[in-house]
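Asks: Take a look at the following structure, please.
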Amino acid sequence: MTRLGSGGRIEVICGCMYSGKTEELIRRLNHVQIARQRLQAFTPRRDTRYAVGNLVSHNGVRIEAQPIDSITEIRDYLRDDVQVVALDELHFLDDSADTIVETCQALADRGLRVIIAGLDQDYRAAPFPAMSRLLAVAEQADKLFAICVRCGAYATRSQRMIDGKPAPFDAPTIVVGGLELYEARCRACFEAG
Ligand SMILES: [Zn+2]
């Protein structure tokens, strides 16, 4: 495990919807707090599913987080003594992949532990460019899975549903939603639009 003073690093937690990314992020941040390391967490302002300004797991564990519109705002909010920076729901940021990767690299180069969570693929099963590149440069990458609602296999895809049917692929990429909008599906059960 990462120890205090061990230097900067990037950790990526990725996977499809319902794969437990936020739970895993909160689990790591809980350890950070127990270790009395100084932490700042951030969340995209577009993620309106839960209380703005908090990371909230499905079982109600809550960690205070600063809402941001751009990843570049992290540098504005950063305290001098912070040791760990966390960002949930990376895919909700509109920043370019260049901006996201450069910002994370700069933070890690300063000696910070940077933990990023987010979807690896959109609802078309196409990789998010920023996440793809972060996976390549990260010191640690964890890809989580959900359970396919159709067959019970390990799910790696997020099927977008509209009125109970798979959504066509020409619809907008990002819709903030919950159970009524996405299903976790395996490769075999995922339906291309
Ligand atoms: Zn399946």
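From the backbone N, Cα and C atoms, a Cβ is placed for every residue, glycine too.
Remember, TrEMBL labels are computer predictions, not curated facts.
Note that the structure is predicted; figures quoted are calculated from it, not measured.
Quick paste from TrEMBL:
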ACT_SITE  Glu89  active site, proton acceptor
BINDING   Gly15, Cys16, Met17, Tyr18, Ser19, Gly20, Lys21, Thr22, Asp88, Glu89, Leu90, His91  ATP binding site
BINDING   Cys148, Cys151, Cys186, Cys189  Zn(2+) binding site
BINDING   Ile174, Val175, Val176, Gly177, Tyr182  substrate binding site
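I'm curious about the neighbourhood of these features; can you describe it?
Replies: All protein chains shown were included, and the count of other CB atoms within 10 Å of the CB of Glu89 (active site, proton acceptor) stands at 21.
Neighbours of Cys151 (Zn(2+) binding site), defined as other CB atoms within 10 A of its CB across all chains, total 11.
Long-range Cβ contacts of Tyr182 (substrate binding site) within its own chain (separation 6+, distance under 8 Å): Met17, Tyr18, Tyr123, Ser158, Gln159, Arg160, Met161.
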Asks: Of Gly15, Cys148, Cys151, Cys186, Cys189, listed as binding-site residues, which ones have a Cβ less than 6 Å away from ligand 1?
Replies: Cys148, Cys151, Cys186, Cys189
Asks: Using a Cβ cut-off under 8 Å and a sequence separation of 6 or more, which residues in the same chain sit near Cys189 (Zn(2+) binding site)?
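Replies: Those within reach of Cys189 (Zn(2+) binding site), by Cβ under 8 Å and sequence separation of 6 or more, are Cys148, Arg150, Cys151, Ala153, Gln159.
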Asks: Give the maximum pairwise CA distance in Å, whole number, for the residues Gly15, Cys16, Met17, Tyr18, Ser19, Gly20, Lys21, Thr22, Asp88, Glu89, Leu90, His91 listed as binding ATP.
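Replies: Output for ATP binders Gly15, Cys16, Met17, Tyr18, Ser19, Gly20, Lys21, Thr22, Asp88, Glu89, Leu90, His91: max Cα distance 15 Å.
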Asks: Where does Tyr182 (substrate binding site) sit in the DSSP three-state scheme?
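Replies: Its secondary structure by DSSP: strand.
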Asks: Can you tell which of Leu90, Cys148 has the most other C-beta atoms within 10 Å, given these are the binding-site residues?
Replies: Leu90
Asks: Starting from the Cβ of Met17 (ATP binding site), draw a 10 Å sphere and report how many other Cβ atoms land inside it.
Replies: 22
